[in-house]
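Accompanying notes for the structure given below.
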């Protein structure tokens with residue numbers, strides 16, 4: 001098991017604790033639509049409050065690319081934090097400079113201050129030394145409880161541990177413990193479902209999982225690459241032509257292992273001119289109109305995947321299989337969520353899901369509590385699946401080794 005300094009290893013009373021969370025949560029019209037990542041960090045915040053720390057929360061929201069965008073202000077999460085913690089949460093409209101320094105100086109033990117979006121400053125994503133020094137100058141201790149950001153080499157993830165005594169929060173430790181245990185002892189048949197729209201990073205994942213999984217189920221925009229490679233007419237469906245050669249190599253590699261790659265047999269198609277919705281079989285004779293897109297997997301595909309789930313002992317899921325935010329394109333993700341949850345409840349399946357959209361899709365299906373483990377990580381979850389060491393975790397490990 002990875003060795004990291006824990007909260008119980010540091011004295012936080014009357015100390016300024018810079019607590020890195022992932023508050024990059026889905027919102028619509030300024031309203032939070034899924035608070036999972038906040039809820040999972042509450043035990044760490046409450047521990048620090050109870051032990052008399054001055055808790056300074058730092059995070060990012062969206063990708064403003066070093067510019068101030070009011071629609072991406074972290075002020076929007078203050079009310080949710082206050083409701084979950086049942087205390088007043090102060091907000092500072094800046095992350096570095098005199099304003100946050102003064103706000104921190106005036107804090108009392110047990111109080112919570114949220115700084116503005118770190119990515120309003122370009123130094124965050126550049127892991128800039130000046131930004132790191134400025135951000136860390138008011139802190140006594142650094143705590144990382146943002147597993148879902150720990151794959152990024154950013155200032156608040158990799159830089160601050162080089163400047164301050166550092167520890168891992170409860171959520172980060174929980175993620176590492178559960179994921180390490182699950183993937184080192186995965187019972188077979190081992191099935192992986194990969195969907196969503198982030199194609200290039202997930203192709204790397206598919207390539208690494210071919211030697212580990214018994215079934216690789218590919219859906220969403222990921223599947224479109226393979227369908228295009230087979231020269232199927234997929235209309236205006238999202239895919240990246242430059243990735244077709246990589247997909248071809250993955251299929252060839254899979255033939256030399258016992259891994260079966262499962263692609264959709266049929267799909268739900270929407271014509272964006274007429275809004276007409278049809279279900280079509282995906283084959284070489286398919287002719288889709290240029291203004292039509294694949295929006296979800298079809299009933300034959302759903303049935304086949306459910307049959308695979310029924311014989312599986314471990315299922316890992318990352319990425320919705322359709323545009324689940326819209327009805328009726330949520331059927332695929334909903335049926336799979338319920339099938340996985342049903343078998344998990346019997347005790348005969350270990351089910352793990354990760355990624356913001358995946359969590360939202362499962363939550364929408366009403367069965368999120370029935371999964372064995374829900375990871376808050378998206379990109380971090382993918383990199384961990386590939387066996388990579390996360391930069392944020394490595395930074396904490398280095399601090400533990402040499403402190």
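Positions of Cβ are set from backbone N, Cα and C atoms, glycine also.
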Looking at the substrate binding annotation from Swiss-Prot, with 22, 23, 24, 37, 60, 61, 62, 63, 119 already listed, which candidate in 152, 231 is the matching residue? 152
Can you tell which of 22, 325 has the most other C-beta atoms within 10 Å, given these are the binding-site residues? 22
Please identify, among the binding-site residues 202, 356, 357, 358, the one with the smallest Cα-Cα distance to residue 119 (substrate binding site). 356
All chains considered, the count of other Cβ atoms within 10 Å of the Cβ of residue 357 (ATP binding site) is 21
If H, G and I count as helix, E and B as strand, and all else as coil, what does DSSP give for residue 356 (ATP binding site)? helix
Tell me, if you would, which residue among 24, 358 (binding-site residues) has the fewest other CB atoms within 10 Å in the structure shown? 24
Counting Cβ neighbours within 10 Å across all chains shown, tell me which of the binding-site residues 62, 355, 356 comes out on top. 355
